[in-house]
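Remarks on the structure that follows.
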Amino acid sequence: MKLLVILLFSGLITGFRSDSSSSLPPKLLLVSFDGFRADYLNNYEFPHLQNFIKEGVLVEHVKNVFITKTFPNHYSIVTGLYEESHGIVANSMYDAVTKKHFSDSNDKDPFWWNEAVPIWVTNQLQENRSSAAAMWPGTDVPIHNTISSYFMNYNSSVSFEERLNNITMWLNNSNPPVTFATLYWEEPDASGHKYGPEDKENMSRVLKKIDDLIGDLVQKLKMLGLWENLNVIITSDHGMTQCSQDRLINLDVCIDHSYYTLIDLSPVAAILPKINRTEVYNRLKNCSSHMNVYLKEDIPNRFYYQHNDRIQPIILVADEGWTIVLNESSQKCDHGYDNSLPSMHPFLAAHGPAFHKGYKHSTINIVDIYPMMCHILGLKPHPNNGTFGHTKCLLVDQWCINLPEAIAIVIGSLLVLTMLTCLIIIMQNRLSVPRPFSRLQLQEDDDDPLIG
């Protein structure tokens, strides 16, 4: 009976494992389409992306980090760290000690990036490996005195086709081989700000173009013979929500601009007081019922957004769809809001020898992507905030079981064991059934005559 149980569970475990061994070194391409909101997948048609998912895995929601902006979340993907830990805490920053400023047009100083070690640096430092990058934030900066062997300086006017051609050329023909590569594209974020997720007509056109680019990516990889052995992750940094001229929070109505310096604006405004901090806070805290005002030490723990000098003394967080302004104008749509909001979440899809086929998973954290990528590449991860266990179900070489599967396996196992037990009992009963009645056998003393 014990042997049967051991064999049963050995079979179950074996069924969840797959041989992913290969003589080729593992390779990984990480692709980001900026501002790709998770539910775009449900609301629009993506034939090329759906084919990609059908042969790979899909994570329906990736919970990103606060604040839900481009630079911070792209750095969280490749470091596995919260913003307070990796130091890229916003798209616009100020360091009070060095008096330095950071922005999307002034981002090349390694000072801002050196609080963490991104995966392309770790990979680049390995023997017989190199990294490549097509405009992923930070990849054109020497971080810890290391830069990828192959990279493109950021230029938004460079086409997706040119970026793709460079990346595939480097993946296909480099020495030492490129084993980790990144590719970044500004859409659908740029159009999302302009039109918004509720503009079906325009966003349908924009997202069709995105899907066509994914089709071009897959076709290019197949044409160059990279498709079968290359692991590809397609994801994003954040989503998008609709804003309105009717939902504005005008700071000039609440406080004189001479009292503070505005480091970053909506929907999370970073305030550096010029006068007493408490006075500035008191003037702002009742400014709008649609905005939370926090002293730095009171920022909710769930944001992991306190412990860094680049986080300003006062933070303003607008409600979803509301915009913090200094005048009456605003863009139609934005991101950066509370990272618990589904509208802020991106998705993740992946394909390749490291991943299952046709598997869907509900949610992971954006910081979980880093330890998963390190595992795929065989790299030792730096200390991080991610949890590798959250992504095990995506990978063919990992034992993984979620709650519904666990319940199904337990019930199935009990049914099988019950059937086996019943079968054994039936067989034992058959062997111990009494033989049919036979003629009475006389003992030796029964042969004596009854009458002497």
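In case you wondered, yes, glycine gets a Cβ from its N, Cα and C as well.
Computed from a predicted structure; not experimentally measured.
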Of the cysteines Cys374, Cys400, which is paired with Cys393 in the disulfide recorded by Swiss-Prot?
Cys400
Among Thr70, Thr261, which residue does Swiss-Prot annotate as binding Zn(2+) 1 at the site that also has Asp34, Asp237, His238?
Thr70
Considering the Zn(2+) 2 binding residues Asp189, His193 given in Swiss-Prot, which of His48, His61, His74, His335 is annotated for that site as well?
His335
Cys287 has a disulfide partner in Swiss-Prot; which of Cys243, Cys254 is it?
Cys254
Annotation N-linked glycosylation site per Swiss-Prot: which of the candidates Asn166, Asn172 has it?
Asn166
Using the alpha carbons only, what distance in Å do you get between Asn166 (N-linked glycosylation site) and Asp237 (Zn(2+) 1 binding site) once rounded?
23
Cα-Cα separation of Asp34 (Zn(2+) 1 binding site) and Asn155 (N-linked glycosylation site), in Å?
15
I'd like to know which of the disulfide-bonded residues Cys254, Cys287, Cys393, Cys400 has the most other Cβ atoms within 10 Å of its Cβ.
Cys393
Name the one residue among Thr70, Asp237, Cys254, Asn276, Cys287 whose Cα is closest in three-dimensional space to that of Cys400 (disulfide bond); these are the recorded positions.
Asp237
Close in space, distant in sequence - Thr70 (Zn(2+) 1 binding site), Cβ under 8 Å, 6 or more apart:
Asp34, Gly35, Asn91, Asp104, Pro137, Asp189, Asp237, His238
Work out how many Å separate Asn155 (N-linked glycosylation site) and Cys393 (disulfide bond) at their Cα atoms, rounded off.
37
